[in-house]
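*Asks:* Here it is, the structure, as structure tokens.
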Ligand SMILES: [Zn+2]
């Protein structure tokens, strides 16, 4: 399952970053996922639940920002949304279109708490 390996690497990164900043409990994770990635957000959430078990992110809330695809026309310079996945400029009809949005896949940020040994 593609979703699982994607989430697995994101969560490894998260734990690494949290550890490095002395965070003992992650409370919220924000992911940015472009729709062109073809990832099922429900499956991503399911994988998240499994992967964070027994980690410092086990109680974290997962926010996923789903980014709709957008393009930039090389011919006329127009920027536009790509609602139906066709790569033609709606302004001049040109086919030289660069994808500018929709391929994102990263962790935007996370919130965490630093609990000292004295609080435990
Ligand atoms: Zn154009």
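In case you wondered, yes, glycine gets a Cβ from its N, Cα and C as well.
Under the heading Ni(2+) binding site, TrEMBL lists 2. According to TrEMBL, the Zn(2+) binding site annotation covers 73, 76, 89, 92.
Relative to the rest of the structure, where do these features sit?
*Replies:* Taking the Cβ of residue 2 (Ni(2+) binding site) as centre and 10 Å as the limit, one finds 13 other Cβ atoms among all the protein chains shown.
Secondary structure at residue 73 (Zn(2+) binding site), taken from DSSP and collapsed to helix, strand or coil, is strand.
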*Asks:* Tell me, if you would, which residue among 73, 76 (binding-site residues) has the fewest other CB atoms within 10 Å in the structure shown?
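*Replies:* Selected from the binding-site residues 73, 76 on minimum Cβ neighbours within 10 Å: 76.
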*Asks:* Filter the binding-site residues 73, 76, 89, 92 down to the ones within 10 angstroms of residue 2 (Ni(2+) binding site), Cα to Cα, kept in sequence order.
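*Replies:* Those near residue 2 (Ni(2+) binding site) - Cα within 10 Å - do not exist; the answer is none.
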